[in-house]
Every structure is written in structure tokens, then in C-alpha cells.
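A quick write-up on the structure given underneath.
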């Protein structure tokens, strides 16, 4: 996803105030968005680095409160997002284009699917691909019982839940709202303008600034979460290569080195090089997963892949709405560590992914957008988990075992050690994570720059540099605050920052439904007017045609009748002097003549 591709963006805007339009075109920052977000992040980083233990205590307390009071909310709201996304795909609103009616897609269908595939790949998939199914097997959800095989199957189903339709339903809503505003209504590619149908001109003022600040902070913590997970796994992988970096200082060193690489890309403008690097990384990911599939228990993995899809479809509704309310602290701990964390991470990450898929989806219909974004990345995630997680489960169930006692960042590399060419696989996996780190940070800085520059597709270089440094500082602060349990601090921040942005996504749902419904109703009314007009024209043409036909028939009949009753010109009994006959009849019809004749008749009668 490096630099959102290199195609020249459209800088034309619709009904946007001059203040925002000028900043968007010039790439200047919007101080009313940039400054508050920068202050918030500076305070967070400063406090967390200055008082890491105190910060960790606050994070833990906040996590407990948020999960305890709002865990049900995350469960319900993500379920609603899934239902709403499916409704858009199946309803009559799905025919509306994300662009002018005569627009064509910017990219071919297969290229577009490749972009969606790229959006679905990332550090998190590599980090949790092998470890999450195994973690659910070792410490299953409270309501999961049965044999170890049944528990393993339930673990795979929960992994599919967390990485399948649900996160991509969130991205569908955010991406479609942005794409509709940008491509259909000619608005800048920014969060606030997706809410214009609902908030109107208020998006140009304080309300719009607040929305962009919330989105900006959410994206920052989403990027920092991915960076933190990536750093932990890079350090773990380097340990398998006899380079010990598993400490706070080691984590910091990795962040500094990779941030410098990212900054070099941003400053030198190596967009094309980063694009090739990103595409090459996708090829590397495909090579690794196919190698594991072929060299691992191939038949088992394929059977387990098919079976896991069935188990997921069978239980997805129950898992979607499960809050484990009757399981006490155990249920609350499971939801907080897994489902609520994931929903929070996806919500905070959604502005980033949503802007990417909105950028590449011009000319697609709503229905195409919904089903492609929902199904393609989800299917890719299912396959990745089936291969990587299935291999880990197979080793634990039927092989040498030993994975159950490992930390999440070590499971992947320990599993790869059991396969042929393990060193090459480990090196390849470390490279995979490093490139994902750099490309995610680079693209994340671009998104942050766009949001803080009123949707400009070309924010200033120094703005992107600033956000790279802030994201790296945030990841460093989280890792230092978490100490030996860095993952807990990362999870906590994701859950907390998602809470305000979830409200923004709810407003996006309302705004999107309102605008799409109004446009569909206008289309229906226009269609009805056209039908009425065509029907009226058809009736008029039919009536006129029949009238002409009837008149022609009438003239023909009159002609035939006149020809039948007309006397022969050679008939001597007929007076052919029509003019004299007409004169006599006219004179006889005069009132005076009639009166004279009646008087004569009376006189004749009297005489007789």
C-alpha cells in the first residue's frame, strides 16, 4: 500500500469552503486539526516515557473499566456494522456508483482485487497467524468444551471471527463513506466530508475539526499498535538468529532503525521503489505460506481449511453476539484480551485502511465494493490462518509439541524450526515483518498527513516526517510502559482510542444510508417520470395513428357511398341541371314564399 499508488490524484473539489479547499490543493496543514492532535500525542508520549510504571497502571485500570462497562457496546456495534454492510450489498442501493454515472473503474478488476489483498496483509496477520489458534486451544473460550480436537476447531473458528468478515465490514463502511464523498460528490479525501449529508455545513467548523482530530489520533494509535507488534516479533525472530534484542532498549533500537528507513523513503520520495518493495513483500508472503503448505501436513491443512470455514459459518452468529456474560471474570478476561481488543484495533485502524480502499475504488458500484472488500481479504486471512495456525495446531496435537508454553511472538519461529529450510524461512519471515513495518509506517504517515491537511493527497514532506516520528515515539512509549507485558499496553490503547471513533463510524452509517437513499429515491422518481413521459408519448402516437387511420377509412367509405347513390349522367328521368334545381329549392325554402303558398291554399279551400 506504499504511498497509495502513484496515479495522479484528482484535486477538484465540490462544495468546500475556500479555507479548506486552498489547504487541500496546496498541501498546507489545517492548524485546527494538526495542533490539537500533536499536543495530545506529545502529552501521551511524554507522560508514558517519563512515568512508564504509572502509565501502565493507568492503562490497566482503564482497560478493566472500558471492558467492564463498554465490552457489550463493542460487541453490539461491530455486529451492527456487519449487518449494515451486508444490507448495502444486497439492497437496491447497491446499484449506485462510487463516482459519476458514466465513470469507469480506474483499475481492472483483477488489479483492484490485488489492492484489496494487499490491504488485508500486514504485521498483525504474521504476528497472530500461528499463535492465535494455538492460544485459543491452550486457553479456550469459557463456553468451549469437548475433546481436544473440538477445542482446536473452536480456536480456529474464533480466529476466523476476529480476522474475517467483521473487521472488513468496518472497513467497508468507512471506505465507502469516504469514497462516496470523494468520488461521487467531489469532496476531499478526508474523514469529515463523509459526514456532510448528516451534519451539513457544520463539518466546515468545529464539528469537522473534532472529527478529524479523533480520526487522526485513532490512526496514530492503530499504526503504533502494528509497529509495536512488529517490533516484538522482529526481536523474537532475531533471537532465533542469535541476535538478542528482546528488551526495551532492543525494541527502541529496532524502532529507530526502521523509522530512519521510513524517513529516508518519505524525504527522498521513493514512491515507486516503495511500491515495488510492497508488491515484492506480498510475493514473499505468498512464497512462505505456500512453502509451509507444501512442506507441512498438506492434506491435513487443506481438510482443516475447508472444515474450519464450515465451523465458522455454523457458529458465526453465536460468536458475533457472545459477551460471556454468565461466565464471570473468566468470560470478561477472554473478551477483553481477544474480541474487544480486535474490535478496538480494527476501529482505530479503519480510517487508514478505509482511505486506501476508497482511493482505489472509484467507478465501482456499492455492491461490487461491499462484496469484494468483505470476501477477498477475509478469504485470504482464512487461508493464512488455516495454513500457519493449522501447522502449529498439528505440531501440538500430533507432533513434537512444545508450542503451548511460548509467548505469542515466538510461536511462528518455533513452528518454522520444525520444517525444512527453517533458517531461510525464519529470515524470510523477519524480512516480511520489517517490510510490512516500513510500508505501513510510510503509508500511515501519508494518511495522517492527508487528514491533517484537509484531505490533500500531497501533504508537505515535513508533515509526513513529523507523523512518522510521532508514530515511532508512540510505539516506543507503549513498549516501555508495558514492560514485560508490552502486548497488554498495546491492546489497552487500541480499545481506548476506538471508543470515540466508533461514534464517528455510527454517524457514517447514518450519513451513508441517508445520502444513498435520497439518491436512490431521486433515481426512482426520475425513472417514473421517464416512464410516464414515454407512456404518454406512446398513447399520443397510438391515438393519432388510429385517428388518421379512421379518417382514411371514413373518406373511403363516403367515396364508395357517393359512387353508389350518384345518378347516371345519361339517365333522362333525372334532372341534371343541379344549379336550377338548387335555385328552385332555395326559393321554396324562403319564409315569405312559404307564407304566400299557405295563403293560396286556404283561399282555394274557402272557394271550394
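From the backbone N, Cα and C atoms, a Cβ is placed for every residue, glycine too.
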When TrEMBL is consulted, the range among 388-408, 493-513, 514-534, 535-555 described as transmembrane segment turns out to be 493-513
Of 71-90, 91-110, which range does TrEMBL call transmembrane segment? 71-90
Out of 424-449, 580-605, let me know the one TrEMBL marks transmembrane segment. 424-449
Outside the transmembrane segment (71-90), six or more residues from its ends: residues with CB under 8 Å to it: 165-166, 169-170, 172-173, 176, 320-323, 325, 332, 335-336, 339-340, 343-344, 346-347, 366-367, 370-371, 374, 495, 498, 502, 505-506, 509, 512-513, 516
Do any residues, 6 or more residues outside the transmembrane segment (282-302), come within under 8 Å Cβ-to-Cβ of it, and if so which ones? 117-118, 121, 126, 383-384, 386-388, 390-391, 394, 398, 416, 419-421, 425, 428-429, 431-432, 435
Is the number of Cβ-Cβ pairs under 8 Å between the transmembrane segment (369-387) and the transmembrane segment (249-270) three or more, considering only pairs separated by 6 or more positions? no
By a Cβ-Cβ criterion of under 8 Å, what residues six or more beyond either terminus of the transmembrane segment (111-130) are in contact with it? 1, 5, 105, 159, 163, 168, 171, 226-227, 229-230, 232-233, 278-279, 281-282, 285, 345, 353, 356-357, 360-361, 364, 372-373, 376-378, 380-381, 384-385, 388-389, 391-392, 408-409, 411-412, 415, 429, 432-433, 436-437, 440
Per the Cβ under 8 Å criterion, with at least 6 residues separating them from its ends, the transmembrane segment (424-449) contacts 1-4, 121-123, 126-127, 216, 219-220, 222-223, 226-227, 230-231, 233-234, 237-238, 240-241, 258-259, 261-262, 265-266, 274, 277-278, 280-281, 284-285, 287-288, 291-292, 351-352, 355-356, 412-413, 416-417, 456, 459-460, 463-465, 467-468, 471-472
Chain residues outside the transmembrane segment (203-229) and at least six past its termini with a C-beta under 8 angstroms from it: 16-17, 19-20, 30, 32-33, 36-37, 40-41, 122-124, 127, 190-193, 195-196, 255, 345, 347-352, 409, 436-437, 440-441, 444, 447-448, 451-452, 467, 470-472, 474-475, 478-479, 486-487, 490, 493-494, 497-498, 500-501, 504
Under a Cβ pair cut-off of under 8 Å, which of the recorded stretches 340-357, 461-481, 493-513 contacts the transmembrane segment (249-270) most often? 461-481
